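I have placed the structure first, in the form of structure tokens, so that the comments after it can refer back to it.
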Amino acid sequence: MMHQQGSLMPSLLSDVFCQCQSGDTHLGVDPGGGHTEDPTSTAPRQPGAEDRHSEPGQSTHQCDTCGGPEQEHRLKVLFQILDVNGDGGICVNDLTIGLKKLGVHRTEHELRKIVKAGDKDLDGQLDFEEFVHYLRDHEKKLRLVFKSLDKKNDGRIDSQEIMQSLRDLGVNISEEQSEQILRRIWRGHIWAPILYMDKNGTMTIDWNEWRDYHLLHPADNIPEIILYWKHSTIFDVGESVLVPDEFTAEEKKTGMLWRHLVAGGGAGAVSRTCTAPLDRLKVLMQVHSSKSNSMHISGGFMQMIREGGVRSLWRGNGINVLKIAPESAIKFMAYEQIKRLMGSNQETLGIAERLVAGSLAGAIAQSSIYPMEVLKTRLALRKTGQYSGIVQCAKHIFQKEGAAAFYKGYVPNMLGIIPYAGIDLAVYETLKNYWLQRFATDSADPGVFVLLACGTTSCTCGQLSSYPLALVRTRMQAQATQQGGPQMTMSTLFRHIIKTEGPLGLYRGLAPNFMKVIPSVSISYVVYEYLKVQLGVQSK
């Protein structure tokens with residue numbers, strides 16, 4: 001069996017995970033990404049299948065899926081080989097030397113990612129337990145990808161299946177081009193690993209070839225998983241401070257990325273318009289509600305309708321929709337540039353790196369469009385006939401309060417990005433990984449309801465964590481609209497709210513805010529899927 005660089009791949013490494021597909025041993029179990037044998041079938045079995053793990057006079061070996069001892073033994077032997085200095089831990093230097101002995105070559109960056117991914121106790125090396133956990137978790141993800149690509153479920157990936165997988169991404173290629181991928185002609189492609197996997201020249205790739213290449217090869221965000229688990233592009237809850245989604249290299253290369261963003265922007269516009277009455281009610285409660293002036297949901301709606309009619313429920317929605325496009329575009333472009341400045345040469349980032357890059361990109365985007373945030377608040381709070389539109393409102397603020405008024409509440413807004421984005425990302429990744437570990441069998445596709453549930457939960461947790469800062473920001477933006485009211489700084493306003501209203505005063509308007517989360521997420525998802533079809537982005 002030949003490896004990427006042409007050296008022999010020792011059977012020890014390729015057999016880390018049992019390759020047994022015997023129907024006698026594993027009734028109904030598919031341990032290797034291919035089909036399982038029917039124990040009642042009369043078809044001839046694979047040569048050696050019946051004695052791969054057994055000898056005369058011994059009981060049949062049970063593989064990894066059954067908890068057999070030989071797989072554990074192979075892992076221990078492999079660990080001892082890679083633990084070059086024999087200190088009970090595998091560091092980057094150990095991996096470099098040990099893998100070269102096995103004929104496996106990885107870059108230092110790749111080896112660091114392997115150690116970082118498996119190092120649970122953060123001591124800079126992998127002990128045996130961490131090593132085994134990393135390999136088993138990694139193999140499970142690889143199996144999901146293989147099964148997703150194996151459309152025919154015959155245990156092999158051929159050119160037709162590569163064509164179908166790329167077509168699902170919205171990329172149409174010919175059969176000849178698909179075969180060229182298998183013949184090692186297309187370099188630097190999203191499917192680049194395939195260039196080295198067809199070792200026997202059969203124009204197909206089986207599970208063992210796929211796994212042997214990727215074993216001990218880092219892949220934090222496998223493209224197949226990235227495709228299914230986007231959420232910041234899909235879900236719009238009115239707050240655009242989520243960490244941007246990762247996109248595969250092929251989506252960027254073919255322009256599918258911008259179609260996704262356009263579909264996401266259109267979905268956000270529809271979602272915000274449908275939930276605008278709740279959003280305006282939230283702003284009114286944040287600014288005007290207090291212990292002495294309690295405002296309830298039904299009373300707030302009646303007050304708005306009496307003052308300006310039904311149309312007044314949508315005040316401020318126009319500017320809220322208009323700011324989607326520039327904010328999304330600036331945030332994504334800033335995110336990509338920050339990824340380059342961080343020195344990452346990988347297609348995707350780890351969670352910590354994503355949080356840093358996403359928070360910085362969010363701060364840049366919010367800084368660029370922040371005057372529109374102030375206008376949104378002022379327009380939502382305006383009385384009937386106060387302004388004729390967005391332009392007159394902007395002129396009025398500039399003439400009466402100066403240019404600095406367009407950045408009132410800027411500091412609490414920036415401070416709110418980190419807890420919102422951080423908690424949303426952490427909760428979403430935790431739920432995603434839990435589902436992949438516990439329930440993913442044949443595909444990384446979670447389905448509509450799981451995706452909606454994970455997105456709604458993470459967005460809600462993010463909003464809850466940063467809500468006090470959002471309330472203070474809104475009150476600072478609205479200060480000039482309150483006749484004779486004091487102009488307070490962020491810290492002074494915090495102390496004033498705590499003193500006069502108690503801690504609960506920092507959560508005024510939380511009820512309508514949470515009421516709009518589920519409809520916002522649901523509407524944006526449905527519209528996003530519809531627009532994807534209209535724009536030629538095919539769903540899997």
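Positions of Cβ are set from backbone N, Cα and C atoms, glycine also.
Keep in mind that TrEMBL annotations are predicted by a computer and have not been checked by a curator.
Residue counts of the domain 'EF-hand' (70-105) by helix, strand and coil are 23 helix, 1 strand, 12 coil (DSSP-based). Annotation source TrEMBL lists domain 'EF-hand' at 70-105 (among others).
Residues belonging to the domain 'EF-hand' (106-136) score a mean pLDDT of 83 in the model. The domain 'EF-hand' annotation in TrEMBL covers 106-136 (among others).
According to TrEMBL, the domain 'EF-hand' annotation covers 137-172 (among others).
What TrEMBL lists as region 'Disordered' is 28-68.
According to TrEMBL, the repeat 'Solcar' annotation covers 255-341 (among others).
Feature annotation from TrEMBL assigns repeat 'Solcar' to 349-434 (among others).
Taken from TrEMBL, the feature repeat 'Solcar' covers 446-534 (among others).
The residues of the repeat 'Solcar' (349-434), classed with DSSP into helix (H, G, I), strand (E, B) and coil, number 73 helix, 0 strand, 13 coil.
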